[in-house]
Every structure is written in C-alpha cells, then in structure tokens.
C-alpha cells in the first residue's frame, strides 16, 4: 500500500521518536515517514582526548576506567552529574538562598554537593535544622559516611508499652516513614459559592458546579485539618530528632498559661505533635518532665486499663514510655491527634475570636461529659482534675473529648489511692467546669448559683454535682434524661449530613479511571503506523473524541477549558448512552456521527487488546 507523498512531507523534518527512545527504528526501511538522521556525536576519536576526559571524570569521583578501557559510573562516589555538552550559565539567574544549609562531610577526593535549596536544611521548613545536634549524625548516616555515623551519639533506649511488641531496628538512625510535604494547600483558590441574594433559582433538573462536589465550607474545613496535621515549625535546637518510635516533634502549646500544680503532681509538662515511625500516623505526646520510675508496672498496668476505654468523648491512649532523649528521665504518653482542635479554655476564653457560651452548648457539654464519666468509671478508673484545659473541642456542633488519659494514674501509681473517692471528685469537677462556663455566659464572676439567670433544670443539675452527697451515674443522668434526646437528634442529623456528601464522593475516582484509560491508549508511538488509527480506521473516532473533550477552541482559536463540558462528556461515555455526537477533524474536511455507546465499546476493546 503506497502512501500519498503530499501527506507525508510534514514528517520528513520530524525526528523519529524510536531513535530517541530505543536508539534505532525497526521501521526505518519499512515505511517509517519520520527523519532517521543520526545525532551528532560529541565524543572524540583520539585516544588522548578520551583518556583526558576519563581522567577528568575520575577526578570528580563519578567515573572510573578499568583495564578494558570501559568507563563505569559509581553512584556512591559521584558528586554531581556533568553532561558532556556545553552547560548554560545560570549564575545570573536569581535563586533562593536559604539562611542555613546542612552539609554532609564528603568522601576523600570528592567535592561536596551543595544544592541551591535544601528544605530540610532551611530554618523555614525543617523542624530539626540544627547541624551540631543529634540530627547531624542522621544526615551523615544518610549520606553514606561511615565515619560520621560511627561517631554519632547513641540513641537512648526507651521502655515501650503500646507498640504491640514492635521494637525499632537496631542501628536505624533515620525514620522509615518520610516526613510530609511542606507545600501549602491552595484551598482558597477554589471559586466560592455566590451569596444568597445573587443565586439564580434552578429548576429540578438543573445543577451548578458547586452541587457536583462537597460544600466549600466542608472541603475547606477538611483541608485545613490536613494542613494542620502536616504543618511543622523551625526547631530551636533543643528538641531531639527522634523520641522512641516518633519523630518530627512540633510544640503545640503557645499561650504560655501555667498549668495547675495538682494536675501533674507538681511536674512540668510539654505537648508535642509527632509522626509515628511505626504506622506513619500523626499523634500527640504529653511529656512529663523529670519522672523517676522504679517499677515496670507503674507504666504498663495503668496503660492496659486505659487502653480498654473506648468512648467517643475520651481521647484514646496509644502508647506510654520513658525516655532520656530530652536530657532527663521523661514520661511520654501518646494520644490520638485531632487537628484544628482547641481546649475549652482556648475556645471560650483565650482565643482572639472567642466562641460565646450558650445554653445549648452547656447542655451538649453536660451530656458528653456524662458519657465520658460513665465509660471511665465503668472500667474502675477516674478522670482526675477535669478542667477547661483538659477538655478539647474536636468539631461542630460542640463535640468534645476529655484528654490527658492515663497520665495521673501513672504518676500516682505508688500512692494509696481511693478510686471511689476520686470518682466522686470527678462529679464535682464537672460541676465546677460547667459552673465556670455558665458564669462566663452571664458575664459575671463568683456569682452564687441561686442568683444565676439560667435554665432552672440546669441549675438543679449543677446543685446536684456540687453537693456533698454520694452520686451515681444513674441518679445523675435521670435529672436531664430528656435533654439527651436533643443531643442525639443533633448528632444523628450531622452524621446523615456527612454520610450524604460522602455517598456523593463514593465513585469520584470513576472519571479518573476513565481518563487514565483514554491516556493509556491515546497517542502511542506504535499507533501512528497502525492502519486502524488512520482516518479510515475504526480507532480514529477515539482521537477525535479526545480532542473534542480536552482540546476545544473558540472562534478565535483560543483554548477553552470548560469543566462542565468535560464532566458531561465523560459521564455520558462512562454510562454508554445512545446519544450521538458529531466529531469533526481539525481541518474540518471530514466528520463522524457516532454514539457514546459505540465510543465506549471501541475504547474498551482497544484497552483489552493492550492488556492481553
């Protein structure tokens, strides 16, 4: 079959991609219409020049010459890639210069490679950017310098409880889980919904782009949570790189408010966000400074009890251990991490935008704290020192959790404890917390309960909690049992709202899989020589449909990027509707009338033939 020469003249100056990819073209003498000219050789035929280039390469530490005359590349000793052609001068191009660059000692005869930007060496990105601290040994080990890693300070051994028998690998200096990306999520670039007074009324069968995805406020809230979970801050050099099975410590307390002396039995404390080297998840570590432990059961026994507590209003305990990584014997208790969560103190008192306390919030907090009390007391434990700092708000509508679980039980392990008395104190602590919030709602401090202008039933509940009589969870919840129905209704409504939007996103990867299938079969090199992909072939409508969906242009020749058009076409193609469309060639000389069902069958058969 002879091709029209006028139709192949356009390819005579186009280099054949087979030459570029494979170095040869098996169709060169069998009808390939592309240019098969050999690229100019940059190597010299003189032995002196070859020897000189080999010596220069060997001096750079990347290439060695053997007895056979063949040069070999050694990646371990190579410092940088040096191409054999002329390199443009980039010295005049402005580039980012970090404030501090972490450099690793290079091997003998090698020049250290210093990148123009190192995110893990810059104070703006890396939370452990100190060069002289323990992190220097980590970078030395990662660079392959055995001498530096041999002189690194050994890691302190930690006594772990909640790792399920997992122990870190001996000699492992760098975490096996890579730190998260530092790129900022551009959620603010999404087009927001128009204000209510500008929204156009829609018919029952009409949709807007906003209705095709999750609501903007919910998406923005979830993206902010992800950003908060991955966010890190520059280290001041006083924090270790790795603590037990966790790395990437980020301080979380910034308001500098002193904790009550009785909360941690007089010990100082710190709170950090960490990344687990065991499962890659994000947790928080409550560090109690300078804790002396003499009995192994002091940590293991309380931890095992608290691990059995499973309540939506109590923060789950994940791990507990002691470590010397901070320079003292510190107790570290690991809990689940809830991004964008604040304590009740930060939510209603300390933040710049304080959330006003309402009677609805008070009833919601009361019901949830009652649920936490019931679950903790049922396991023979007590919460101890419930306060505005210990209860965190994890989301709307007013969802709270009691944190710092198991810390007090470990610190007071050796002391003679009366659990029944501590459980009665929990009721009084809940009453004092709600009393404080009620006074803040009214704007008065130290106001007697009898003179407070609040719901009489709520006032009766507070009087019961603050009284000296013995309390039980049954008597306590019986006072406001009908109020629980409102909280249950609100919680179920919110769950159905989230489930509704989740069901809409259930198959959101369906169109992505379809686009992947189209790109797998479209534009392949071997297709240019296949008669089935020519204008008279049965696969040519796939090419025209691809251009119809993604390569639209207006009357001025400007590219049109219409998301609605793409979604409409791909949805019809995925379902295989019988609707027919007209596909026109770029030169507008030919057109094809074909249905989406026929297109789908053609794409599926082509994809199956590639996978067989």
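Yeah, the Cβs are placed from backbone N, Cα and C, and that goes for glycine too.
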Feature motif 'PABPC-interacting motif-2 (PAM-2)' in Swiss-Prot, mapped to one of the ranges 63-83, 84-104, 147-167: 84-104
The annotated motif 'PABPC-interacting motif-2 (PAM-2)' range in Swiss-Prot, which must be one of 111-131, 174-194: 111-131
Same-chain residues near the coiled coil (482-520), Cβ under 8 Å, at least 6 residues beyond its ends: 213-215, 218, 363-364, 366-368, 396-397, 457, 542, 546, 567, 570-571, 573-574, 603, 607, 610
Residues near residue 339 (ATP binding site) in space but at least six apart in sequence (CB under 8 A): 224, 225, 226, 228, 229, 282
For the coiled coil (482-520), the mean pLDDT of the predicted model: 88
